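Some notes on the structure that comes next.
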Amino acid sequence: MSRVPRSFRLLEELEKGEKGMGPESCSYGLADSDDITMTNWNGTILGPPHSNHENRIYSVAIECGEEYPDQPPQIKFVSKINLPCVDQITGEVKKNQFHTLREWKRSYTMETLLLDLRKEMALPTNKKLPQPTEGSNF
Amino acid sequence: MASLPKRIIKETERLVSDPVPGITAQPHEDNLRYFQVTIEGPQQSPYESGVFELELFLPDDYPMEAPKVRFLTKIYHPNIDRLGRICLDVLKTNWSPALQIRTVLLSIQALLASPNPNDPLANDVAEDWIKNEEAAIEKAREWTRLYAKPK
C-alpha cells in the first residue's frame, strides 16, 4: 500500500464527514472551512445508551498536526465529562491513558478516535460514573 | 514501500526530461507517488502574473483511478474551492487510464484560462463571476498578486 499524504488523507476524511457517510453516533468537520492546512476540527460524540451519557451530545476539538496521520491528533473535550482518560481541568484526552492514542496506527482516522472514545464511555467501569450537569463546558 | 509501477517511473522521467512549458512536477524523495507541482498562470488570464503551487498524489489504483490534485496557493476561481479542491471532469467522471499526469496538469492550466462559473465548486465565487464578471476578474488578479509567487 502506498502512503497517502496528510492532506489527501484529511480531504478523504472531510468528504466522508461532510456527506454523513460515517456512523450516526459521531460527526466531525473542519473548524474553519477556509483553513487550507486543515489543522483544526470539531467533532461530536453521541453518548452511548444504557449509560449516564445516554442522549448527551459531547463536543470535542481535534487538532491534526503536521505529522498526522503518522502521529495521532490531539483531542480535547469541550463539553464537560467525567472519564478517567480526560484531564478534569483542560478536557484534554490524555495520550498515555487512552489506548487509541497511545497505540496509534496510521490507518486510524478521526472517526476511529471518536468511536473508541464512545466505547470508553460505555465500559462497565465508566458507564455509571457521576457526570457533570449536561451542557457545561471545560 | 512497494516498488513503483513502471508506468509511474516512465511518466516521472518524462516530466523531468521533457517538461511541459509553464509546469513543473517533482516527486517527493520519501514518497514517489506524491508530487510537488507548480503551474504558471496562463497568458491573458487574470492569473498570468503568478505561479501557483499544487500537490498531486497517485493512489494505489492509478492509472485505473485518477490522480488526486489540489491547489496549495489560495486562488479566486469558480471551479476551485477554499481548500484548493478542483472541479474538473478529467479528475472525476471523465478520467481514463489513457490520460497522464502531464495531461491532467495541462487541463488544470486550461481551466485557469477559461473558468466555468456554470459548473461551480466554489458557489460564492461562481455567483460573483456570473453577476459581475469584470469585478470577479479583478479580484482574481488581486488574489494572484497577494498569494501566488510572482513569475
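Note that Cβ sites are derived from N, Cα and C of the backbone, with glycine treated the same way.
Automatic, uncurated: that is what TrEMBL annotation is.
Per TrEMBL, the feature domain 'UBC core' maps to B:3-149. Residues or ranges marked as active site, glycyl thioester intermediate in TrEMBL: B:Cys87.
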Around the Cβ of B:Cys87 (active site, glycyl thioester intermediate), the count of other Cβ atoms that are within 10 Å: 18
Within the domain 'UBC core' (B:3-149), residues counted as helix, strand or coil by DSSP: 52 helix, 33 strand, 62 coil
Local confidence of the prediction over the domain 'UBC core' (B:3-149), expressed as mean pLDDT: 94
